[in-house]
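In Swiss-Prot this protein carries:
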| type | residues | note |
| --- | --- | --- |
| ACT_SITE | 167 | active site, proton donor/acceptor |
| ACT_SITE | 171 | active site, proton donor |
| BINDING | 13, 14, 15, 16, 17, 18, 111, 112, 113 | NAD(+) binding site |
| BINDING | 168, 177, 178 | (S)-2,3,4,5-tetrahydrodipicolinate binding site |
């Protein structure tokens with residue numbers, strides 16, 4: 001570890017389940033310094049972010065809902081590396097959050113899913129013009145990246161594939177960003193999957209799931225008791241090949257989050273996907 005000043009970090013969505021894990025991980029990383037904790041929930045205003053995350057000692061960083069003043073404060077810190085904001089908020093607010101951060105020269109690391117392709121392109125253009133690094137990562141789990149790589153390899157040999165993603169019932173968007181990204185990676189091969197051999201009729205609309213690119217179907221499940229799970233199921237005459245990743249604890253995302261915080265400072269534009277920085 002060098003003697004360089006620690007990276008100043010803001011966590012947006014700090015009172016949420018992922019936000020609390022991020023606060024805890026940052027507090028335990030000697031090269032990172034939590035300067036701000038943002039959350040819109042009224043019941044958490046003024047509470048210490050460390051105590052809320054379950055740390056034994058307070059961090060003396062109070063939860064606030066004032067994003068712009070915090071961005072300005074961190075941007076005004078001229079000593080040490082530029083600031084980073086980690087966003088685990090909501091699909092309705094993440095786009096504006098990221099634009100505001102880039103405008104202040106703060107590097108966004110975005111774990112919130114639900115951004116449309118057009119929004120991602122707009123943010124990419126904005127980051128490019130500002131020469132500011134930005135990372136949008138649908139899934140911070142290294143295990144999920146390995147699953148996606150295995151799926152790309154398998155899709156060269158199988159012509160039929162469907163994706164099932166399962167999440168807790170507080171997740172706001174469907175399908176998950178990870179499932180969409182997985183389908184996009186398979187579609188990049190340029191082949192069409194799941195050529196129909198019969199004319200299908202959905203007796204209930206949506207029964208066959210949502211249709212992604214190149215004929216790939218995604219099925220979404222939302223239930224209490226789940227965290228985050230994904231299956232990629234390949235089929236061929238006489239065989240089924242299933243890839244599955246299960247998240248049992250949100251701590252599995254933290255190595256990817258910390259890596260992204262450190263890597264985003266080296267970027268001058270928007271990068272999409274954890275696999276691009278491994």
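Every residue, even glycine, has its Cβ placed from backbone N, Cα and C.
Positions of the features from Swiss-Prot, shown on the structure.
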residue: 13; record: NAD(+) binding site; DSSP (3 states): coil
residue: 111; record: NAD(+) binding site; DSSP (3 states): coil
residue: 167; record: active site, proton donor/acceptor; DSSP (3 states): strand
residue: 177; record: (S)-2,3,4,5-tetrahydrodipicolinate binding site; DSSP (3 states): helix
Keeping only the recorded positions of 13, 15, 17, 113, 167 whose C-alpha lies within 10 A of that of residue 177 ((S)-2,3,4,5-tetrahydrodipicolinate binding site) yields 113
Pairwise C-alpha maximum, in angstrom, for the residues (13, 14, 15, 16, 17, 18, 111, 112, 113) that bind NAD(+) according to the record:
17
Excluding near sequence neighbours, so keeping only residues 6 or more apart in the same chain, what lies with its CB under 8 A of the residue listed as 'active site, proton donor/acceptor'?
176, 220, 221, 222, 226, 227, 228, 229
What subset of the recorded positions 13, 15, 17, 113, 171 lies within 10 angstroms of residue 178 ((S)-2,3,4,5-tetrahydrodipicolinate binding site) at the C-alpha level?
113
Does anything in the same chain, at least 6 positions from residue 111 (NAD(+) binding site), have a Cβ under 8 Å from its Cβ, and if so what?
18, 86, 87, 88, 137, 140, 253, 257
All chains considered, the count of other Cβ atoms within 10 Å of the Cβ of residue 113 (NAD(+) binding site) is 23
Using a 10 Å cut-off on CB atoms, tell me which of the binding-site residues 13, 177 is the least crowded.
177
May I have the list of same-chain residues other than 168, 177, 178 whose Cβ is within 8 Å of the Cβ centroid of the recorded (S)-2,3,4,5-tetrahydrodipicolinate site, in sequence order?
113, 138, 139, 165, 167, 171, 173, 176, 179, 228
Would you mind reading off the Cα separation of residue 15 (NAD(+) binding site) from the residue listed as 'active site, proton donor', to the nearest angstrom?
15
